[in-house]
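*Asks:* Supplied in structure tokens, the structure appears directly below.
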Amino acid sequence: MTFYLLQALNGLAYGMLLFLLAAGLSLIFGLMEVVNLAHGGFYMLGAYLALSAVRWTGSFWIAAIAVPLVLGAVGFLLEWEFLRPLYRRTHLDQILLTFGFAFVFSDLARWWWGADVQSLAPPPGLDRSIPLLGTFFPSYRLFVIALGAAMAGGLWLGLGRTRLGAMVRAGVANREMAQALGIDIGLVFTGVFAFGAALAGLAGVIAAPIQGVFPGVDFETLIVTLIVVVVGGLGTLPGSFWGSLLIGEVDTFGKTLVPQMALVVTYLVMAAVLIVRPTGLFGGRPR
Amino acid sequence: MTASLLQVSGLVARRGSVEVLHGIDLEARPGEILAIIGPNGAGKSTLLGAIAGVYPARAGRITLAGRPITGLPAEAVVRLGISLVPERRQVWSGLTVREHLLLGGYHRYWRHRSEVRADVALPQGIFPRLLDLDRRLGGSLSGGEQQMLAIGRGLMARPRILLLDEPSLGLGPLIVREIVHALDRLRRAEGLTVILVEQNVKAAMATADRVAVMERGRIVLRGTPAELLAHPGIKAAYLGKGYEIAG
Ligand SMILES: Nc1ncnc2c1ncn2[C@@H]1O[C@H](COP(=O)(O)OP(=O)(O)OP(=O)(O)O)[C@@H](O)[C@H]1O
Ligand SMILES: [Mg+2]
């Protein structure tokens, strides 16, 4: 029993990481119908940059704050300089562009950080296991769960209770109408894109002590995140949240119970959800 | 004759790859209600959308108080004082009534922060129901309430010209009358100019100062309601037999 509870906690921690990724990807898609295939690249760069930043500054916490800021700026530039000029073209052109950036990020990382699996020590204070349920559980994972829950709450409030949040929700539901009201949806999108990149980068920093970082982790992560977004429903924050927790648990239990089949189990869950609800758990009208 | 506030000349616009407006000339004077009537597919909504900057103009010219606005995007046009209340209301099902109103004014928010908060009182004064519905979600409102909300949201931009696309669609006569009265009051109090697209020709004729008849992307007839009612073709095509001028 305890074993399953601990696995459930592991799944929860993984789910929270997925949420940081899915929230951005889903909102970006909801707003502009652009699937950002470089999203996994931001995650990977977040992890690698965290390694370098910790080596450089000696502090995990500085890395956890600075790296997402840097990647948010990179996301801003990518959107402003490269995606924006493609607005008048098809969505496919924009998606292909993000795919190109995914490869650029991937090659850059391999060139700078090498091909070995690397990992990061949890920050002092969170590097121990604490007694839980009659056994021990890594305190860092509890921290990840708490951080994810806090970010989810913050995003929920930010989206639900603020001016900018109302603009984003209005744009996701009906972009033309939002524009007709005088809302500069292009600017809102730039902001969401940059914020999504920063969140993905934060996920990378936070994941580094648990999962390490290695070439290919970007595309692996992108695929799981896409599954989460499809399962949860495009463009909805609650969908990203519950979809992340579901896939986090399914993946974790899949890996412990049927290790050879873990990914298959995840795909089966996705298929099952889509059969029952083609627009995802929280998805509204089909687009 | 008063100088025109909005001047449209030779406007050509497409929907997809089809040319829908083939050279529209139109003017709206300050404080008037100009009705545009015509059969389905004539291009009435496209005309309003093109004025609002939602659909780009392929040719022609639009000026607002002498200033060219052709080719400006919708978010720029609304800042200059033209507000669109689109067909089928386009209310957000997941946003509250108050959020709709605030969104309607947010493009003025940076410079007029406190004003925008206070401006909510304007649509609420015109449609007091909006005050009772403040916290309700757009999706939970009746058709009439949604229409009031859509108009209220459009008014939050503090427009000089309100473009209203079929506000009476699917609504009962009582609500239509309430909306018509509200427009009339706004015109008197604020000098608001309204361009009103209507299928309900009776309501349009009763409200408007001038009427333009559109068919297949062209304006084929224009005049005061009285002039149009005297026109033999109009009566037959739009009003049916036995129609008398109301009141
Ligand atoms: N997205 C589109 N792509 C191609 N053609 C379109 C599109 N939307 C509308 N049209 C066509 O443009 C023409 C004008 O449409 P519009 O909606 O402006 O007419 P309308 O006068 O407002 O009609 P209604 O009274 O039915 O609202 C119609 O022939 C319509 O079929
Ligand atoms: Mg129409």
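Using the three backbone atoms N, Cα and C, a Cβ is placed for every residue, glycine included.
The following feature annotations were taken from TrEMBL:
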- A:12-30: transmembrane segment (TRANSMEM)
- A:60-83: transmembrane segment (TRANSMEM)
- A:95-113: transmembrane segment (TRANSMEM)
- A:140-159: transmembrane segment (TRANSMEM)
- A:180-210: transmembrane segment (TRANSMEM)
- A:222-245: transmembrane segment (TRANSMEM)
- A:257-276: transmembrane segment (TRANSMEM)
*Asks:* So, do the transmembrane segment (A:222-245) and the transmembrane segment (A:12-30) meet, by the test of 3 or more Cβ pairs under 8 Å (sequence gap 6 or more)?
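*Replies:* Stretch pair touches.
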*Asks:* Other than its close neighbours in sequence, what residues sit by the transmembrane segment (A:12-30), given a CB gap under 8 Å and a spacing of at least six beyond its ends?
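*Replies:* For the transmembrane segment (A:12-30), the nonlocal Cβ contacts are 36, 39-40, 43, 141-142, 144-145, 147-149, 151-152, 155, 168, 172, 189, 192-193, 195-197, 199-200, 202-203, 206-207, 210, 221, 224-226, 228-229, 232, 234-237, 239-241, 243-249, 251-252.
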*Asks:* Which range out of A:60-83, A:95-113, A:180-210 gives the transmembrane segment (A:140-159) the most CB pairs under 8 Å?
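*Replies:* By the under-8 Å Cβ criterion, the transmembrane segment (A:140-159) pairs most with A:180-210.
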